[in-house]
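Peer 1: Sharing the record's features from TrEMBL:
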- B:H169: active site, tele-UMP-histidine intermediate (ACT_SITE)
- B:200-311: domain 'HIT' (DOMAIN)
- B:294-298: motif 'Histidine triad motif' (MOTIF)
There are 2 protein chains.
Amino acid sequence: MPELRKDPIVGRWVIISTDRAKRPTDFLRERFVHKGGFCPFCYGNETKTPPEILAYRPSNGGPPAQPNTPGWTVRVVPNKFPALGIEGSLNRQAEGMFDKVTGIGAHEVIIESPEHLETLATLPEKRIEDVLWAYRDRILDLKQDRRFRYILIFKNHGEAAGASLEHPHGQLIALPILPKHIVEELEGAKQYYLIKERCVYCDIIRQETEAGVRIIAENDSFVTLAPYAPRFPFETWVMPKRHESAFENASSKTYQDLARALKQLLMKSDRVLDNPAYNLVIHSAPIQDPALDHFHWHIEFMPKLTKTAGFEWGTGFYINPTPPEEAARFLREARVETPQTVGK
Amino acid sequence: MPELRKDPIVGRWVIISTDRAKRPTDFLRERFVHKGGFCPFCYGNETKTPPEILAYRPSNGGPPAQPNTPGWTVRVVPNKFPALGIEGSLNRQAEGMFDKVTGIGAHEVIIESPEHLETLATLPEKRIEDVLWAYRDRILDLKQDRRFRYILIFKNHGEAAGASLEHPHGQLIALPILPKHIVEELEGAKQYYLIKERCVYCDIIRQETEAGVRIIAENDSFVTLAPYAPRFPFETWVMPKRHESAFENASSKTYQDLARALKQLLMKSDRVLDNPAYNLVIHSAPIQDPALDHFHWHIEFMPKLTKTAGFEWGTGFYINPTPPEEAARFLREARVETPQTVGK
């Protein structure tokens, strides 16, 4: 008998098929494949992108490096085709009964490596940590712009997940509004806090760690788990154990442990699901908010295993053919070699 | 400068690109193509589906036809691989802090024609009307089962939209819970009603009909329009002009006019967008509710023009490259021949 399960934060019901559970090999997935061709994000093509906003260039004791030249490990540039414009003032307007705002925002690309054929999974932990520091640096900078209320950091890996360039990269969008799903999480978590006087995410971590069936991995600072009511097969959350509402306020030890947790999850996913396309989204508190007792930042990882789900967009209703307990077991048991951290 | 627009019902913000607006020919769409092979929904294969629940068989004055034999125009059968099971009792349970319900529900297939190569767009209006009556008949029957709270009627057309069989068909899922998006619409519409004492959908119809820029078509009972803050390029809503919260309570003239409106929209979409895959969802009130002053049933039509949008699932944030005013103009100006209603 299938089960209907409710997400305890946003109240979304999901059908979990327990009868004919789909195993990793049952999915006709669109694998991540390299296509080649000219790439503006590659080493040596620094002038083919808009001028860089930020780059980490390991110093070799020589004179400081010039911007927009090789020598970097992580590089942040404006998106050449931004969804929103950075210039102009925020203009809130009515159009009869409707509401609109001028499309002010920032849209940046975080290039994770000069090497085209790397992926976030194959980078050394220390280099993944650098990517996380780049996210943080950009958030701290953009946070000063009072026009922005939210910063969305996400990664589309593979064409099936919406990536138009295959070179390893993530994206940042700064918005003058709050995205709907974030509002729902904030409200759901607040509601829970008002009743229980506890953070719902902290409660999830506590209950899941005790039960163990949906736990995939754990280190000093993070727990990686399959959520109780996942929308997608093999959906995974990476959650900091210590309560903190904003990604950018984490400690340096946290980024180090997050890099380790992410690398392990991505390697396990590549192993078990055969290099799937995926989306990865950081869920963090609104940038202008103080530290929140009810919200807990985390990362949601969604491998793209099912061909399409247009219907789900229209209804908010999800049918998931893989119980999270099964997904967690496959990922937990996957043996991957996590090499020691190596220098840049 | 792009615009951020807010959906007045659910409060979702959407980026509308106004600079490099995508025209119909700019989309690399996955077109609907026939693949052939054995089809259990075809004329003569009636024994290859589970036994029929309902079928319309035009009488020719002879003896009544036998079920599960040819001679039908619309046929409803249980889904052979149902997402939910019809037998058993509803069991609401806790799992620590989580909530679950046994997966009780109905999952049916509405076969729209015995002809494999027809589509809903190519059927005569009278036959589309029969499909709508079949929806209504099934809703009225399932409504008596007090375990169910919602009936979702939808259509996935084409592989890219999630259809696994190409024979023209729709689906019905009866649920013991309310899907999230429906809850949001009900709550958003109620909020508006509490403030304005008017139905938000009625207000939209009034404002849009006066402005005209987002109107695609209109007949006695329906207005077909591009919503102000659409998530997807060429997203279209078909709305009854007269306030009514439930699809199944409409008048027979309403179904006749809806068949005409749907045929016209689908033909225009096939013309302008070159036979796109699409999802179509009926948004109606919960089946156990009385007539609601604040909710207004309608149909949402979403052609599948963009390759993927996994990111959108994770954030509830949408970037739409085609302003609805442009989409409406293309569809409004598309000339299609709508043949006169012909008999079955």
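Placed from the backbone N, Cα and C atoms, the Cβ positions cover glycine too.
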Peer 1: Using DSSP, tally how many residues of the motif 'Histidine triad motif' (B:294-298) sit in helix, strand and coil.
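Peer 2: Computed counts for the motif 'Histidine triad motif' (B:294-298) are 0 helix, 1 strand, 4 coil.
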Peer 1: For B:H169 (active site, tele-UMP-histidine intermediate), write down the residues of its own chain that are at least 6 apart in sequence and whose Cβ falls under 8 Å from its Cβ; none is a fine answer.
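Peer 2: Those within reach of B:H169 (active site, tele-UMP-histidine intermediate), by Cβ under 8 Å and sequence separation of 6 or more, are B:F41, B:V109, B:I110, B:I111, B:E112, B:K155.
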Peer 1: Can you tell me how the residues of the domain 'HIT' (B:200-311) break down into helix, strand and coil by DSSP?
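Peer 2: Summed over the domain 'HIT' (B:200-311), the classes give 39 helix, 26 strand, 47 coil.
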